[in-house]
Ligand code: URA
């Protein structure tokens, strides 16, 4: 599908299967989400620009590649986005972080904003939006809209699971924002959950109900 990368790496798929299993503990789920996030981060940053710089190793001088160009912002859609955020920051600790607080109105399934904080210089950075579940895409679409209003111009969206309905809606609203996911599942149910999915990502991360 155009603009959508499904990350089929065996480690990602193996960890995802354990996360889907309803017997997996809260601690196990959180740990696996953090681990998968580093692998997703590896993929979404695969094309970052490098430049040769002069350094001295203990054995002498060399030219070696270092990142140049745009710095990163990770934008976490609260609260489940924080599970992916931790793993991303493990890999890119110097990145800046934006937080977008949205909750799903259980009746209308629309996104309602309660918190927004983003770095001042977001316009000059690559913004990687993280939210584990791209279900109806209402929150993802709203989060990206708010980030664009704040000046973000170069964005990518990373999730763990997507529903085909969510992918279609997100791509329709933000065709300039590519999606990275570990799986596109079968469909959304009448409550807006991804099937077969893994349940409520936030509840499974934090042991709430
Ligand atoms: N959010 C979740 O946490 N799980 C779903 O299946 C859909 C939205």
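The backbone N, Cα and C atoms fix where each Cβ goes, and this holds for glycine too.
Where the annotation comes from TrEMBL, it is an automatic prediction and has not been curated.
For the 5-phospho-alpha-D-ribose 1-diphosphate site, TrEMBL gives 104, 131, 132, 133, 134, 135, 136, 137, 138, 139, 200; the one candidate out of 79, 150 that the record lists there too is 79. A 10 Å cutoff on Cβ-Cβ distances gives residue 200 (uracil binding site) a total of 14 other Cβ atoms nearby, all chains included. Less than 8 angstroms from the CB of residue 133 (5-phospho-alpha-D-ribose 1-diphosphate binding site) sit 80, 159, 160, 161, 162, 194, 197, 201, each of them six or more residues away in the same chain. Proximity of the binding-site residues 79, 133, 135, 194, 200, 201 to ligand 1, judged by a Cβ distance under 6 angstroms to any of its atoms, singles out 133, 135, 194, 200, 201 in sequence order. Of the chain residues outside the uracil site list 194, 199, 200, 201, 132, 133, 161, 193, 197, 198, 202, 203, 204 have their Cβ within 8 Å of the site's Cβ mean position.
The DSSP secondary structure for residue 201 (uracil binding site) is helix.
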